[in-house]
């Protein structure tokens, strides 16, 4: 029977399609789960069948092991014993335990189970480390496990925060661990450094197979360094908490590599992943992120923006409405979001109403007063807002100096104001550039409401910072993959086409239309003095309104019978 079992395991291990070092694919309800050091294994857990797991043939030069288990969104429990205790077990989608080995120990056992009603597909791997390697979570004082190698992840709409326990220096089997908080000399854990890494899954990939495959690239130190982006390095004196901008619907894997610069050794924590959304939610889950109200709003906004991109300068009043809509809508949305708890759909409707009022107000101000510099200041500030957002999105956002809100907003405002100042001598060029760039970017925002794209975070990061007081500490890295290159190309083509078309069309034309109120007033005086003008004989507006009202009243009056109506003479 034992020979038959070995043959089955050998066949599973040789099964094609398992990437990396995957050892086997099987169902946990079939019997005892066996693992090998450094080998990934896929298996399925069922609620009625908690399973024993065993790890054999541990080398004598291994000082400690980290056994980690992963699933997409269903929780799994991993424990040292069958009796679940807070300090000997962990439950979650990415969990691990540290086994401190005794002298001569060559085998470890642990227990796996799930409380989910549905079967859970898992992937697990045991990793070995020597006595020279630092122990992740070895100086844990915050979480339940005595030695906790896990990364604890929390997210909301604005930011995703990871926390982890400090590490300790490694030590040989059978010896006492180094003290954690006695002295800060070179031979203590205070010399350790923590590199925080971030890895993006392919955009719009919510599959379980994709996640488990990419988690293999974030489990061991060499793969983490080769595949992930190092975001920040923390010292032992820093707080072991790092925040990132939340990317709803985008899979992200985080891991921490603790380094001992004195011994030139390192070890990896248990990687943690998130999509910044819930797979189990009834409304707004990961599979249906875009709300209907968002899609309607940004589709209509993109249609208007597309018109402005190609015809904005010619239809000057329509462009002013568009600019006023952006100005008032943005400020109003920030205001009601920070001061009220109104639902998102209601906020979006109120923002559309307020933006329309702002657009009408700017058009009316131009019609009545005709102050070109005031209108062009609004136009230039909108373009400056986009340019400043691009600067922080591409170059400046993650610099430590700009984690201070005061420095950030002063710099952001200076860049935004600089744009209208630079173009003050060529207002028509400024206006056409604004039409092309802002109008085409509205199409990018519409794309994002249907299909995720990182380009929407150009302005979304600024909006998050204005709405959330804690967003200043977040790193704003985003993936830039195939979808983003395509949408960036579309944005560039629309902007260049719109700008080129308007520049060619406006050659030889007046820079801007004349003052509308003066034209109206001159035309009215001409009509009054010129009796040959047919419009001279048109009754005043008040008389025309009274005439219309009289016609409407006649529709509701009873028709009089025909015949003589002269009263009889007495």
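Glycine residues also receive a Cβ, built from the backbone N, Cα and C atoms like all the rest.
Note that TrEMBL annotation is computational and uncurated.
Annotation source TrEMBL lists signal peptide at 1-21.
Annotation comment: TrEMBL describes 296-313 (among others) as transmembrane segment. Sequence-distant contacts of the transmembrane segment (296-313), counting only residues of its own chain at least 6 positions beyond either end whose CB sits under 8 Å from a CB of the stretch, comprise 319, 322, 348, 352, 428, 431-432, 434-436, 438-443, 445-446, 448-449, 494-495, 497-498, 501-502, 506.
As annotated by TrEMBL, domain 'TM7S3/TM198-like' applies to 299-503.
According to TrEMBL, the transmembrane segment annotation covers 320-342 (among others). Panel annotation: around the transmembrane segment (320-342), residues 304-305, 308, 312, 350-352, 354-363, 366, 375, 378-379, 381-382, 434, 438-439, 463, 466-467 of the same chain, lying at least six beyond its termini, place a Cβ under 8 Å from a Cβ of the stretch.
TrEMBL lists 348-367 (among others) with the feature transmembrane segment. Outside the transmembrane segment (348-367), and at least 6 residues removed from its termini, the chain residues within Cβ reach (under 8 Å) are 293-294, 297, 316-317, 320-329, 332-333, 336, 342, 374-375, 378, 516-517.
Under 8 Å from some Cβ of the transmembrane segment (374-395) lie the Cβ atoms of residues 319-320, 323-324, 326-327, 362, 365-366, 402, 408, 412-413, 415-421, 423, 427, 430-431, 433-434, 437-438, 441, 457-459, 461-462, 476, all in the same chain and six or more residues away from its ends. Annotation comment: TrEMBL describes 374-395 (among others) as transmembrane segment.
According to TrEMBL, the transmembrane segment annotation covers 407-425 (among others). Residues 376-377, 379-381, 383-385, 387-388, 391-392, 396, 401, 433, 462, 465, 472 of the same chain sit 6 or more residues outside the transmembrane segment (407-425) yet have a Cβ under 8 Å from a Cβ within it.
Look at TrEMBL and you will find 432-452 (among others) tagged as transmembrane segment.
Residues annotated as transmembrane segment in TrEMBL: 485-503 (among others).
Within the same chain, residues 306, 309-314, 429, 432-433, 435-437, 439-441, 443-444, 447, 453, 455 sit at least 6 positions outside the transmembrane segment (485-503) and bring their C-beta atoms closer than 8 Å to a C-beta of that stretch.
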